[in-house]
Amino acid sequence: MEERKVSKFRMYLPQILASTAKNLLILDIGLAVAFPTIAIPPLLGTVESKEEEIFHFTAEQASWFGSLAFIFTPIGSILSGWVTEPIGRKNAMILVNLPHIAAWLILHYATSVQQMYLAAVLLGLGTGFMEAPVVTYVGEICQPAIRGILTSCAGVAATLGFFLGYLLGTLVSWREVALICLTIPVFTVVAICFVPETPLWLLSRGREKQAMKSLQWLRGWVDSGIVEKEFLELQRYSINSSRCNPCQKADLTCTHPPPTLIEKMKELIRKRTLKPMFIVTMFFFFCQFSGMSGMRPYIVQIFQAYGAPVDPNWATVVTGLLKFLANIVCMIGVKFIGKRLITLVSIAGTAFCCIAIGFYANAVLPPGWSSFDKHTEVPGDGTFPMVMIYMLSFITSVGMIPVPWMLLSEVFPFKARATSAGIVAALCYIMIFISTKTYLNLERSLGLDGTIWFYGAIAVVGFLFFYFFLPETENRSLEDIEIHFSTQKLTNINIKQKSPETTDEKVEQSIENGLNGCDNKAFTEKY
């Protein structure tokens, strides 16, 4: 076959480069999420500030600043789906940098709590706007063999943002950190200008020549003949996806006008969309209400409350480094053991760490001990809880945190991919807001021990859910996944690969004979 003339290195390199440009957006998100962890302790007064502060936070204000961005992120996430479809994934990835540029400038020059809140709102909106173009872009440019690795790179980029943010927070003031972060979205705009639009989006707009050029670029800057078979497959998939639902059911040529807004909304309630939406939404729920999510903005003072034997700021830097290393492990491990197994291992480890930390807090710390108070003397030496928090940081980032974002890139049908990804990402950020905003209330009502036990109990339930409902999507094509959710029960966790493969002649015949799209009846009969 002619495809063999192109080495794997040459074939995969442009996909890696395009994903790297996209991952700069994720790096910026990581810095944005990490920033409250940097700014809250000096403004709250639980640690010494590197410069004289113009204003300070109360505990309630710190709680709002640590969570406010996440309640506005869903607005951006939902809107991003509607923006991404008409203007394309690439243009959307350029425009979404503007809110973050404004936010970093406001943070650097902030003189009041209200300005900090405004910047948090802009960071939240910008983060939300990034979701749909980011997750749809990587899913549509990558070959199945490396999609898992490249989607997991997003987690690496996010945790690299955490690590760099925490590290900068120990070296310079939070205002200087904001100024340094400003350079990331500016550089991102430049980098994305050099990558192509996705072939699938171009085909959906009838721009076949540009789609072919994009595919040639993404497969190693090759001649059109080398990617002709894959291009025909993409055409077939795109044509079938563009047909209205009745024409898909009857396997007929579609001559109907483009779908209305109501018809697009109906696409969101079809079972091929609802089933993966349910699975990924529940994945995010178990991720955000177990482990580190709720504690993240307050991790510096949590280390202090447990009496960590090292500087709390540097202990936080270590958690960022462990998250980064864990995502690299995930990126490599998902290729060999798949997303399902790595998720089960991750959530089991999360439950163990939470339960162990809870027992320590219950046995050693006095009742009413709070991480929002400044402590000069802490019972115990704090080594055990510090190590367990390190383990919790690592084990959650191996699977629990990155895998649901990988799934967003691949489990939704093409017609509803950007919008569905935006909606589920919005739900995720609502959950993050709830988990971070309620941490103070949980700690006040349940104590340090009860709060972490609460997270551990949710992780136990999550393990059971994943065991029975999470399918393996690794090394499956987007079409394989779409067929599975269109035809199989929710409890069927085995996604079959299309067999036998469609021949070149069959693909060409499908396109020539009335543009009928997919020849697999299972793909159309049960939509």
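Positions of Cβ are set from backbone N, Cα and C atoms, glycine also.
Lifted from TrEMBL, the feature list:
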type: DOMAIN; residues: 16-474; note: domain 'Major facilitator superfamily (MFS) profile'
type: TRANSMEM; residues: 21-44; note: transmembrane segment
type: TRANSMEM; residues: 64-84; note: transmembrane segment
type: TRANSMEM; residues: 91-110; note: transmembrane segment
type: TRANSMEM; residues: 116-137; note: transmembrane segment
type: TRANSMEM; residues: 149-171; note: transmembrane segment
type: TRANSMEM; residues: 177-203; note: transmembrane segment
type: TRANSMEM; residues: 274-294; note: transmembrane segment
type: TRANSMEM; residues: 314-334; note: transmembrane segment
type: TRANSMEM; residues: 341-363; note: transmembrane segment
type: TRANSMEM; residues: 383-408; note: transmembrane segment
type: TRANSMEM; residues: 420-440; note: transmembrane segment
type: TRANSMEM; residues: 452-470; note: transmembrane segment
For this session: State the non-local partners of the transmembrane segment (149-171) in its own chain: residues 6+ outside its ends, Cβ under 8 Å from one of its Cβ atoms.
Result: 15-16, 19-20, 22-24, 26-35, 37-38, 134, 138-139, 142, 177, 180-181, 311, 313-314, 316-317, 319-321, 323-324, 326-328, 330-332, 334-335, 397, 401-403, 405-406, 409-410
Exercise. For the domain 'Major facilitator superfamily (MFS) profile' (16-474), what's the model's average pLDDT?
Worked result: 87
Exercise. By Cβ distance under 8 Å, which residues at least 6 away from the ends of the transmembrane segment (383-408) in the same chain are close to it?
Worked result: 131, 135, 139, 148, 151-152, 154-156, 158-159, 276, 279-280, 283-284, 286-287, 290-292, 299, 302-303, 306-310, 315, 318-319, 322-327, 329-330, 333-334, 339, 342-347, 349-350, 353-354, 356-357, 360-361, 421, 424-425, 428, 473
For this session: Given the cut-off of 8 Å on Cβ pairs that are 6 or more apart in sequence, determine whether the transmembrane segment (21-44) and the transmembrane segment (341-363) share at least 3 such pairs.
Result: no
Exercise. Are the transmembrane segment (116-137) and the transmembrane segment (420-440) near each other by the rule of at least 3 C-beta pairs under 8 angstroms (pairs 6 or more apart)?
Worked result: yes
Exercise. Okay, the transmembrane segment (91-110) and the transmembrane segment (177-203): do they have at least three CB pairs under 8 Å, pairs separated by 6 or more?
Worked result: yes
For this session: Take a look at 116-137, 274-294, 452-470 and tell me which one has the most Cβ pairs under 8 Å to the transmembrane segment (341-363).
Result: 452-470
Problem set entry | Distant-in-sequence neighbours of the transmembrane segment (452-470), which means Cβ under 8 A and at least six residues beyond its ends | 279, 282-283, 285-286, 289-291, 294, 339-340, 343-344, 347-348, 350-355, 357-358, 361, 442, 446, 490-491, 493
